[in-house]
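Report on the structure given below.
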Amino acid sequence: MAPVNNNAQINNNESPPKFKVTIIGSGNWGSVAAKLIASNTIKLNSFHDEVKMWVFEETLPSGEKLTDVINRTNENVKYLPGIKLGSNVVADPDLENSVRDANMLVFVTPHQFMEGICKRLVGKIRNDAQAISLIKGMEVKKEGPCMISTLISQQLGVNCCVLMGANIANEEYRDNKEIAEKWVQLFSTPYFMVSPCQDVEGVELCGTLKNVVAIAAGFVDGLDMGNNTKAAIMRIGLKEMKSFSKLLFSSVKDNTFFESCGVADLITTCLGGRNRKCAEAFAKNGGKRSFDELEAEMLQGQKLQGVSTAKEVFEVLKYKGWLEMFPLFTTVHEICVGRLPPSAIVEYSEHAPKFPRVGGPTAFP
Ligand SMILES: NC(=O)c1ccc[n+]([C@@H]2O[C@H](COP(=O)([O-])OP(=O)(O)OC[C@H]3O[C@@H](n4cnc5c(N)ncnc54)[C@H](O)[C@@H]3O)[C@@H](O)[C@H]2O)c1
Ligand SMILES: O=P(O)(O)OC[C@H](O)CO
């Protein structure tokens, strides 16, 4: 046995600083993330037990504030009813206050709100903060598309990783091994597998673009076109996802599309997601009820990402002169804004002769 060194023992007793986590967002996925993380911080010594969760405050039909109800019942009764989050989750309606002490920031809001949230957080976060984004989406700026993780890094001056995947087998992507391990520790549970990888752009684009394909799959369902057609749409969608991602970032790896964040998330979303569900209703109504109306009625406050992403992708395609290379992405947007009927999803040549038919030859590589 090695001799005991008392000095070393004294130093070892000084506990290293603990990581403190704040979750920015408290919707459906934000609440699941809070539950996963809180179950780990309470077990792992290197994290403070308490997990703050920023809540975009709203008043419930009962007249109570959502934050008060979450803190009283330990349940997000609006966005994840029936599930206890863990008594160490503390809801906070004050964005700036919620991040003040945290050095691990988990961003999980609908993507359209992130620009405003980042603006509010400039100068408000700790110098040693690290971030991770669970957000599927992008912003389109004059200078080109900007992924949400890039927006966070640029606006807040932090390193930002991303975590995307099909709900039960997620993967985490980043380039710093040590930080990667910390995030993996924070999210991993026996029922939620997380593994690190380095293709940040590929992973984030998979999560973003599959929402557009899910809208197309929903149209097919709403038109009762059957599984063969839906599979064909998903295949073309996956090809467009890959081509678009690689044209934007030459570093994107083919393998990423076979990971959980790629084909698995695409399948999950096209079979059971909210984008699919609302697009099905849109097609069943012949495009006569808007997505905004259907979202409000069917999702009760939860938000669709696919319709706005289709618009953002369309803007990029138009700007770059790539519209004809991406018939599926283009047609999804044209249908969403009412320029084409839902049936156009399988009738490109009839409505827009320049586009190849589904299943026919495609222009992309
Ligand atoms: N739900 C899932 O299964 C899932 C899975 C993986 C990733 N994601 C991604 O996670 C992100 C968040 O989705 P979600 O499912 O947690 O949210 P959600 O759609 O369930 O809920 C919407 C959230 O937006 C908030 N909100 C409404 N108006 C706002 C405003 N003006 N500013 C800020 N917040 C506002 C609401 O309070 C609510 O918390 C999305 O990018 C989504 O694609 C979702
Ligand atoms: O319900 P959706 O369509 O927003 O998809 C949810 C997730 O992104 C699936 O991983």
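Positions of Cβ are set from backbone N, Cα and C atoms, glycine also.
So that you can see what the record holds, here are the features copied from TrEMBL:
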ACT_SITE  LYS210  active site, proton acceptor
BINDING   GLY25, SER26, GLY27, ASN28, TRP29, GLY30, PHE56, PHE113, ALA169, ARG274, LYS303, GLN305  NAD(+) binding site
BINDING   LYS136, ARG274, ASN275  substrate binding site
DOMAIN    20-171  domain 'Glycerol-3-phosphate dehydrogenase NAD-dependent N-terminal'
DOMAIN    199-347  domain 'Glycerol-3-phosphate dehydrogenase NAD-dependent C-terminal'
> How big is the gap, in Å, between the Cα of PHE56 (NAD(+) binding site) and that of ASN275 (substrate binding site), rounded to a whole number?
Replying inline: 22
>> Restricting to the record's substrate-binding residues (LYS136, ARG274, ASN275), give me the longest CA-CA distance in Å as a whole number.
In response: 13
> Secondary structure at GLY25 (NAD(+) binding site) (DSSP, helix/strand/coil)?
Replying inline: coil
> Which recorded positions (LYS136, LYS210, ARG274, ASN275) fall within 10 Å of LYS303 (NAD(+) binding site) by Cα distance?
Replying inline: ARG274, ASN275
>> Quick check: in three-state DSSP terms, what is LYS210 (active site, proton acceptor)?
In response: helix
> Are any of GLY25, GLY27, TRP29, LYS210 (the recorded positions) within 10 Å of LYS136 (substrate binding site) when you go C-alpha to C-alpha, and if so which?
Replying inline: LYS210
> Non-local Cβ contacts of ASN275 (substrate binding site) (under 8 Å, 6 or more apart, same chain)?
Replying inline: ASN211, ALA214, ILE215, GLY218, THR269, LEU304, GLN305, GLY306, VAL307
> Where ligand 2 binds, which of the recorded positions GLY25, GLY27, PHE56, LYS210, ASN275, LYS303 are close by, with Cβ under 6 Å?
Replying inline: ASN275
> So how many of the residues in the domain 'Glycerol-3-phosphate dehydrogenase NAD-dependent C-terminal' (199-347) end up helix, strand or coil by DSSP?
Replying inline: 117 helix, 0 strand, 32 coil
>> Can you tell me how many other Cβ atoms are located within 10 Å of the Cβ belonging to LYS136 (substrate binding site)?
In response: 27
> Average pLDDT across the domain 'Glycerol-3-phosphate dehydrogenase NAD-dependent N-terminal' (20-171)?
Replying inline: 94
>> Give me the sequence-ordered set of same-chain residues, not including LYS136, ARG274, ASN275, with a C-beta within 8 angstroms of the centroid of the substrate site's C-beta atoms.
In response: ASN211, ALA214, THR269, GLY273, ARG276, LEU304, GLN305, GLY306
